[in-house]
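Q: OK, TrEMBL features for this one:
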BINDING   K279, D284, D302, E363  Mn(2+) 2 binding site
BINDING   D284, D361, E363  Mn(2+) 1 binding site
ACT_SITE  K291  active site
DOMAIN    359-366  domain 'Cytosol aminopeptidase'
ACT_SITE  R365  active site
Amino acid sequence: MAYTPASVVLRSDQPAGMAADAVVWPVFFGEVGQAVMPPGLRQAAVRLCRAHGFTGKQGEAVIFATHTAAFHGLPKPLPMPFVAITGLGPREDSTDAHGEALRRGLGRVVQELRKHGARQLAIALHHLSDQSALVGPACEGVFLAEYRFVDYSEQLRVQQERTRLKKLLLLLPDAQHTAARRAVSRSRAVAGGVALARDLVNRPAGALEPRDLAAAAREIAAAPSITVRILDRAQAKKAGFTAFLAVARGSSSEPYVIHLTYRPLRPKRPVPKVFLVGKGITFDSGGLSLKPAQYMEDMKIDMAGAAAVLGLFASLEALAPAAEVHGVIAACENMPSGAAYRPGDVVYAKNGTTIEVLNTDAEGRITLADALAYAAEHRPEAIVDLATLTGSCMATLGETVAGLWSNNDRLQAQLLAAAGQAGEQACVLPMPYEYRSQLESTVADLRNIGTTRFGDAIHAAMFLREFVGKVPWAHLDIAGPAYANSSVLPYYMKGATGYGVRLLANYLTVAGTAR
């Protein structure tokens, strides 16, 4: 069931007179008493916030029903059933920090209002100095929190239709409406891409084989500015994807190499070429180095990098970046069988590098080796890969932060800025020179795991670096943030997050390649 974001209407009305189901006032830390509200309403809000311990910290939210005694002394009854106040954190914080605070606060508000069947939500932005910059985060906070995966439950489908928001009203001055319309349009496009990525990751592996990723790519390529080339097993072998095909051998599901290309329809100048590479293991059993049963339960998510690339491409027609954007996915399953590749095997990567396979459960980096080498052959200005690559990274950074490695300081800075703007956190991690020797093999050019179990996320990143040559490259290990095992962030329910779609969309802007 395709996710449809609420319709968005821009208004310049005063919030207190809005006949919506709820009106939200974002406030800075310690400034509830200065909120731009009618005096009687402000006094009631201050009393209630004090009683609930609300101070305006980042992402805080409180919701009050206006029929309660606390609001009975107002000159006239409020037209909305609920009033909500969210915290933006300190006024001196950055716009990015205020944006993420607004996302989180609105996520909490939306989750609570769903319980009351609210259909229209108004957000008062007119009193904020950076109001136009907060339109996008406001929309994202609502759109992300509204998403539900309901494909396999009629009960959930009915509940989603009964409780989802229909209309979002953004209240800000008329002078800001032109910029706000652009932000709303962009947010809706990106939200659709995030929802697609979440749908793909949430689907069970039995219903999402490599051929289904290929089918999704074909649908996306119906857009006038996007084309797709899909290689089957025989074509991939002819093209030299031998390391990838070694991983694919154990499964009866056909592997595919997917290459999406977005080109601006009428570029006004030469445009840069960017390659985005997503890990596309649609199910990872570990192969012959079999995972314990409990570690397989969530392994449908091992194609979250591929899903992020597909989600981004689904939004590119609307975003219209001034760049030639390529998406590469080597899609297969990693399964045990008599045909599966074995510990001790040596496989050839596309660039001629030989790889000693010492653990078949370190398969993602092997498939990415061929995909990255293929991307590097096209001599792009940048390559960015996304992969649910290592538990080591998740153990280090937790469930909401991706690891970031790069061989290029400028690209690294662009991605960090994009991550901050999106609220998709990333942390730069090192590639120490002395660790390179831990990838040396006695029988091949490289081994696919380090000589020690410590630092596996770093070993994986340094392994991938071997396949990009001198092209500016960055690796995002999204093992933690790709899937929410609980509602750690208030705008995500348990399940896929679509991590990377918003970051990549912002990267194209930060890099100066999108309007």
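Any Cβ shown, glycine's included, is placed from N, Cα and C.
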Q: Please list, for the domain 'Cytosol aminopeptidase' (359-366), how many residues fall into helix, strand and coil according to DSSP.
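A: Summed over the domain 'Cytosol aminopeptidase' (359-366), the classes give 3 helix, 0 strand, 5 coil.
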Q: When the Cα-Cα distance from K291 (active site) is computed for each of the binding-site residues D284, D302, E363, which gives the smallest value?
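A: With Cα distances computed to K291 (active site), the winner among D284, D302, E363 is D284.
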Q: Identify, in sequence order, the residues in the chain of E363 (Mn(2+) 2 binding site) that are 6 or more apart from it along the sequence and have a CB within less than 8 Å of its CB; answer 'none' if there are none.
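A: E363 (Mn(2+) 2 binding site) has long-range Cβ partners V247, I281, D284, G287, N334.
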Q: If I take the alpha carbons of R365 (active site) and D302 (Mn(2+) 2 binding site), what is the distance between them in whole Å?
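A: That separation, Cα to Cα, works out to 12 Å.
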Q: For the recorded Mn(2+) 2 site, whose residues are K279, D284, D302, E363, find every other residue on that chain with a C-beta no more than 8 angstroms from the centre of their C-beta atoms, and list them by sequence position.
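A: Other same-chain residues with Cβ inside the cutoff are G280, I281, M299, M303, N334, G364, T367, A387, T388.
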Q: Quick one: what's DSSP say for D302 (Mn(2+) 2 binding site), helix, strand or coil?
A: helix
Q: Inside 8 A of the center formed by the CB atoms of D284, D361, E363, which other residues of the chain have their CB, for the recorded Mn(2+) 1 site?
A: V247, I281, S285, G286, G287, S289, K291, D302, N334, T360, A362, G364
Q: Can you tell me how far the Cα of D302 (Mn(2+) 2 binding site) sits from the Cα of D361 (Mn(2+) 1 binding site), in Å?
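A: Between the alpha carbons of D302 (Mn(2+) 2 binding site) and D361 (Mn(2+) 1 binding site) there are 12 Å.
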Q: In DSSP terms, helix, strand or coil for K279 (Mn(2+) 2 binding site)?
A: strand
Q: Can you grab the distance from K279 (Mn(2+) 2 binding site) over to D361 (Mn(2+) 1 binding site)? Cα atoms, rounded to a whole Å.
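A: With distance taken Cα to Cα, D361 (Mn(2+) 1 binding site) is 14 Å from K279 (Mn(2+) 2 binding site).
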